[in-house]
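Annotated transmembrane segment per TrEMBL: B:134-156, B:177-200, B:212-232, B:253-275, B:281-308, B:320-343, B:355-378, in sequence order.
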Amino acid sequence: MNVTSPQNTLLSIENLTVGYGERIIQQDINFTVKKGSIFALMGGSGCGKSTLLKSMIGLLPPQNGDFLVKGENYWKANKNHRVEIARNFGVLFQSAALWSSMTVGENIALPLQLFTNLSASMIQRLVEMKLGLVGMSHAINLYPSELSGGMKKRCGLARALALDPEILFFDEPSAGLDPITSKRLDDLILNLRDGLGTTIIIVSHELPSLFTIADDGIFLDAETKRPIAHGSPRALRDNPPCALVNDFMHRQTVQNPK
Amino acid sequence: MKVNKKSSLPPQPPEWTLKFENNKPILILNGDWLAKNNNIPQLPVDIFKNCSTDISVHINTDRLGSWDSGFVVFLWDVKNLATINGISIDKDNLPVAAQQLVGLLNDKKPEPTLPPKYQFRPLYDLGEWTINSLNSLGVTFQLFIFALKGVFKFLMGRSYMRLNDLLRDIRAAGPSALIIISVVNFLMGSILAFVGAVQLRKFSADAYVANLVGIATVRELAAVMTAIVISGRTGGAYAARIATMQGNEEIDALKVFGIPVTEYLILPSMLSLVITMPIMYLYACLMSIFGGLIVSILMLKVSVIGFLYQTFGAVPFNQFIFGGTKTVAFAMFIGVSSCYIGMKSGRSAADVGVAATKAVVAGIVGVIALDAVFAVLADIIGI
């Protein structure tokens, strides 16, 4: 795990336990995310990556532990303050989660209409630009039901970018995308990070994508319900700390998970 | 995209100037370009009219302050107009981040796909509506036939329908609806008795309140009110459930496996209603007569025995058979129409709501229309 100076730390997870009801999904999670970094949440299917992400974006209160955003304890803040903190978040959901009763343009315009006092023409220009960034300008008047899975995902990303968030959360961004679109998305993620210093938390199984873009990460294990490795996906691939991580990073059949 | 360059000075408004130095065009961008300030300028369409296509436009950002998405929006306008006029832009002086983002944007804004324009074609629309309606009627009837075949297969023990699904639907359509059926029919009987007592008293015929409540309830109201309640409660739920399954590709999965959708989905829904609604009808009759009894005791001081004797004397058994037969027809109609609407729905969340609404409306209108047909039939056969 990279050592970061407190000033450079944007997000911090301390002894976090997440789960549903009394069922623990992951526990003893500790890590920090540097400002401007791309942090990967890795692990096999069902290990709790998405559950941890849900807890980080405010959808699932943790059972224990703290989640700090710029030093502020997110889950211990009052509800209004939590909403204020979350205004810095942009989330791309696994299914894109576009609102089906609105056109793509309206999907992106809605947060701008609700949370800014921009004029209608400025909102329109911003919507066009955000869609342009993801290569979906032509879809501004289309409904989500008229789009393919990949197109929905790109429009979902444009919506996540609507309020210029400081932190972007991606849940399986490349899942279901063709290699070219996937590569374009990787480039866009790198551009957002390099150009604008956006911090990105990414849940993904796409190893080539993770090796290309992520510079730090954590590996969760479903068996022990704990993180078993910290570090960038490239470092974990080159120097795996255990057989499970080695098998995961090299796409091998797990011989002995323990 | 947050503010990229921070300055301790108060925010300066964004300004642009196009200058020519030795015939070389220079676009000077000064100030803070922040979308949140709502002051990003619009570029005139003819900005590059005096520029030569041989020489690229140089961008000067020496006095550029903070910037965010608003700056990128403006730069995209510059890029677009430059492309339209065949002029190249020298972007080297732009901040690297802005260069990267502008690089992702198309040279020319693509034309958005416009929604189809509505054309006023009354004859065409009428024809289309007629064909669609006939088609819907045909498909609904076809589903009904398939469901009947399913019943036969179920009786032969060769159906795809799972008993658990049938029991779940029976529970949802029957016991879970008892409270609302009780309330609606009790109040209906009470109102009938109250109105009847007030009006019949004028003719000293208040002894016939029990007859009025009994006949109206058993012959018409218990069946219709129960069907309307079930249509709104259960029919809407069936349509929404099947529409959601449509959105989740669950129905596609059934089809791929070769499992007949009519047997697997429609049959338990329809059978559950056919089984529970006649029972609910009898229960509704009971509640309605009970409501009439309470009001009659309070207003007319009649005895319980007297009211019941009068009621059942006025309502022959064939009226119950008639009412029960109607509820079976209503049940089949609600089951098949709500499932059909669910299956024909789109695949989005909004479509689920539309399907539920359509199912309720179709159910209520259909039940009343069917009731009218039964009234005519009853008249013909002399019930």
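The backbone N, Cα and C atoms fix where each Cβ goes, and this holds for glycine too.
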Whether the transmembrane segment (B:281-308) meets the transmembrane segment (B:320-343): three or more C-beta pairs under 8 angstroms: yes
Winner by Cβ pairs under 8 Å against the transmembrane segment (B:134-156), considering only B:212-232, B:253-275, B:320-343, B:355-378: B:253-275
Chain residues outside the transmembrane segment (B:177-200) and at least six past its termini with a C-beta under 8 angstroms from it: 206, 208-209, 212-213, 216-217, 221-222, 225-226, 229-230, 233-234, 280, 283-285, 287-296, 299-300
Tertiary contacts of the transmembrane segment (B:212-232), as residues 6+ beyond its ends and Cβ separation under 8 Å: 173, 177, 180-181, 184-185, 188-189, 192-193, 196, 200, 273, 277, 280-281, 284-285, 288-289, 292, 296, 310-312, 314-315, 319-320, 322-324, 326-327, 330-331, 334, 338, 359-360, 363-364, 367-368, 371
